Amino acid sequence: MENSAYDRSCDEPPNYEETSFSDGTVAKGNGTGNGYDIGEHRAIRHSVVSAFGHDTLDRVPNIDFYRNAGSVSGNRAVRPSLHELHHVFKQNGEISVPNMAEDGDSSHWALPGDLESVLPQDNNVFVRFGWIKGVLVRCMLNIWGVMLFIRLSWVFGQAGWGLGIVVIVLSCVVTTTTGLSMSAICTNGVVRGGGAYYLISRSLGPEFGGSIGLIFAFANAVAVAMYVVGFAETVFDLLKENNAIILDQTNDIRIIGCITVVLLLGISVAGMEWEAKAQIVLLIILLVAIVNVFVGTVIPATPEKRSKGFFNYDAKVFMENFTPDFREENFFSVFAIFFPAATGILAGANISGDLKDPQAAIPKGTLLAIFITGITYLGVALCVSATVVRDATGNINNTIAAGMNIVCNGSYAAACENGWDFSSCAVTKCSFGSMNNFQVMTMVSGFGPLITAGTFSATLSSALASLVSAPKVFQALCQDNIYTALKFFAKGHGKNNEPIRGYVLTFIIAVAFILIANLNVIAPIISNFFLASYALINFSCFHASYAKSPGWRPAYKYYNMWLSLFGAVLCCAVMFVINWWAALITYAIEIFLYVYVTVKKPNVNWGSSTQAVTFVSAVNNALTLTGVEDHVKNFRPQCLVLTGAPKNRPALLDLAHCFTKNYGLCLTCEVFVGQKTRTVTDLNAGMEKNQMWLNKKKRKAFYSAVVCDNFRQGAESLLQVSGLGRLRPNILMMGFKKNWRTVDYADVQSYTGVLHDAFDFEYGTVLLRMTQGLDVAHIIKAQEEFERGVQEQKDLEKEQLKEENKGKSIFRKSRKSSQQHLTPTVSVMAPQSRQAVTVNDRLMSINTQFQRKQGQGTIDVWWLFDDGGLTLLLPYILTTRKKFKDCKMRIFIAGQPGRTEQDKEEMKSLLVKFRIKCAEIHVIDDFNQKPSSYNWKVFEDMIEPFRLHEGSKSTTNAEALRKENTWKISDAELDTFEEKTNLQVRLNELLQENSRAANLIVVSMPIARLGSVSDYLYMAWLDILTKNLPPTILIRGNHKSVLTFYS
């Protein structure tokens, strides 16, 4: 018989369109009618009949099942759930067809703040770049920045070409290791916009990503100022040569810089397409200028150039420039000034959202750019070192006449041997040579104006790239809403979602730093920020590799986790050697932002390696604990609390939380009673919801639940399997069953059975009784429904107000909406009787009393039986908590008549050895007195409905009664346990007499012998013992010591 759920229209081969995810794997619907109204975003429900020969709801693997909701690169499809596949054929003998199409409202699947979670957009309107135009060109232009033409010769003049090579190689080592780490990270999944911020945040989490994202965006904004100031310096030199200075050097640089950054802002705001076209033009000019330098070194030097220190290739000049000659600088200060020249490696990654295939483009383009620019820097620097001396006068009359007998030695020997005397530079500072003239490249080149154009190209292209990168990174950070105050800058404009607001902010920051007007001051500022970013990228790769998460599967294999760690350490070391106080400030800012984000706890989950390492550490620590034997000194309460849904019994949960706080294990457990097929849905739905509720209420506890046929079986399962290794509960906490006299015997038997099971499994047992009861589920449900009704009313009013503002008539619509929204809440919002409100308020107040600070009072501990010390330890722990710090502990013990003082001294001595302080010790020596007739009558009335009364019957009838009602309390049982019964009634009298005003009473729990004491008699003992008292805790340890006086 053919499956009625089978849709033959889906057998047709799906149509695919190319996307940036991979080479065409997104299925696009063919529009055939199948009942799913999702238009062109319909996802194919692939039939598997042709593959397996029978019709089934199972689906073959498909990329659309793995997308986030609202993915921009394709439409998410929903595979059939395991529940649907497992149970679908059992519903009335027919097949229930799940909807595998994309959810119409699937926002609940999306990760909050994830960049994937945006509305689907038509990819055709985006401007997308390949790896050459988007990454290689952009990185090369950014790396070939201001330093190439106006500082590289100065760097090699200061450091010599020996240490100069070290400067470039060290920079390349830092950038290459970072490039390798970045390649691994960005090939481990789809990369969205945000560059370094996106890579770090998705790898290490929002804490690291949020802090470094802000710093990195700021560094790029400052970099704009650095490149623009470099450009302005070149323009100023031209003005100086032509005697066209406006005011003075500093102010001219400020004026030129501000005008330039305004023009660059205009290009950036025009859109990425215009910016990319400008970059291509600038690249061509820059390449021609670089070639011009190499050509110029082989053109014979004119006398004018020689007077300025240029002698073509000369071995003596080359060797003279080998050694360093630091003047007011050192190696690290020179390195700090040069290093920003290598910081353009993230230019391509920073626009990752505008790339066609970021996974392939970023590694290929970035690493190739590092190699090409590194070789270029070395080639240009060595050529200049082989042709230009450090100092020259620029005076063509400083030649050495033929026949003059001059010994050429010292710092100016190379120039001397070439017939020039620059020795005056030792006395008076000269204006030319690699140490003094920032425009050496112009002099060396074959055609000077080309170098000027190249300088303009290098500086402007780098400035443009940084001006684009900073807002893009900042926008991605703001869209994640990690810093809520910055949400204003998340908005984009136009088809490319351009961050116009971010451009304006970057412009303001850039202008502020342009006003410094000193390149050597600005460069070291951003060096630390970029190095901090690189350090975290390297550490991200190491951390992800170290975690060994199955989700860490980078397509790029040429990386090494230890090399990444070396890169991270190297970046940190370089930061400190460049400028130790700037490094400290950078890390202080990072730590501050990290702590801020940690405290704010943004609602995002990106599957970071931090989570993976936390998991690995937890497993390793748990395994380590299994090899350590328990010791009494390390005992701590680890509670299994039968709360049901955690919010339903707040007093029980709050008390357990006081015991465990942040230092012990607390499991809040719920038993779903009924058929598994009916209750498993509720269980699955409640797992995440209840755990989130615990987290929201800051309760350091776990939620666990089981499905069983009865309560006892569920509790028994929890008692046996809860926990992990040594991290397992040792105390069972329950509420007292207040309604035991009115419920079925099966419920009573199940309840007492749980207590017996706890004793059998050697759990310490804690029962909490409060006069008004513990279960407030009905009140919470009514409150939630009331709040829902109020919220719906508010939403309706907002909708009406919105439509009124539009000037539309909403009278008819309002009435309809009112009926729709408010009808369900009428019963909830109906007024309750004053008595019912009072009772509910009183019940909630009593059950939340452990959430409030307890006033001055006492915790009365009736330590009647030695259970290992748990009855004493738990109230002592309470007195160490803030809520109970004003409560004093009083100890009550049983004593023999005539030796009260001796018993008191013995207990006092024991407490001193245990180092437990108490306010008073009371010895009770009249436990063996019979209870009053009134209290005994109360007890008899309590058990009357459950007595067998076989003593008044004949032997035959009595035997028949016992067989028919095995659960009832027999006369023989009452006679056997008469003394123990008297003790419970008498103990209640003593509690009423001594502890009626206590804040909390703790009493040793009586134990009923299994098989000897009936369930109803045991419940009667517990009931009469705790009747009409303040909040009372019954405690029975497992009779293993939890206290010791040994060190």
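Yeah, the Cβs are placed from backbone N, Cα and C, and that goes for glycine too.
TrEMBL labels come from automatic prediction, so no person has curated them.
Database features (TrEMBL):
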- 45-105: domain 'Amino acid permease N-terminal' (DOMAIN)
- 134-640: domain 'Amino acid permease/ SLC12A' (DOMAIN)
- 1-28: region 'Disordered' (REGION)
- 801-824: region 'Disordered' (REGION)
- 135-156: transmembrane segment (TRANSMEM)
- 162-191: transmembrane segment (TRANSMEM)
- 212-233: transmembrane segment (TRANSMEM)
- 253-273: transmembrane segment (TRANSMEM)
- 280-301: transmembrane segment (TRANSMEM)
- 331-353: transmembrane segment (TRANSMEM)
- 365-389: transmembrane segment (TRANSMEM)
- 447-468: transmembrane segment (TRANSMEM)
- 503-523: transmembrane segment (TRANSMEM)
- 559-582: transmembrane segment (TRANSMEM)
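Cβ atoms under 8 Å from those of the transmembrane segment (162-191) belong to residues 21, 73, 116, 155-156, 198-199, 202-203, 322-324, 331, 334-335, 338-339, 341-343, 345-346, 349, 352, 355, 358-360, 362-363, 366-367, 370, 374, 377-378, 381-382, 385, 531, 534, 537-538, 540-542, 544-545, 551-556, 558-560, 563-564, 566-567, 570-571, 574 of the same chain, restricted to positions at least 6 beyond its ends. Comparison of 331-353, 365-389, 447-468, 503-523, 559-582 by number of C-beta pairs under 8 angstroms to the transmembrane segment (280-301) places 447-468 first. Touching of the transmembrane segment (212-233) and the transmembrane segment (559-582) is ruled out by the presence of fewer than three CB pairs under 8 A, sequence neighbours closer than 6 excluded. Listed as Cβ neighbours of the transmembrane segment (447-468) (distance under 8 Å, sequence separation of 6 or more from its ends, same chain) are residues 138, 141-142, 144-146, 148-150, 220-221, 223-224, 227-228, 230-231, 234, 238, 260-261, 264-265, 267-268, 272, 275, 278-279, 282-283, 285-286, 288-290, 292-293, 296, 344, 347, 350-351, 439, 441, 503, 506-507, 510. With a cut-off of 8 Å between Cβ atoms, the residues of this chain six or more beyond the transmembrane segment (253-273) that come close are 127, 129, 224-225, 228-229, 231-233, 235-236, 246-247, 351, 354, 460, 463-464, 467-468, 471, 494, 496, 498, 500, 503, 507, 510-511, 514-515, 517. Along the domain 'Amino acid permease/ SLC12A' (134-640), the predicted structure has mean pLDDT 83.
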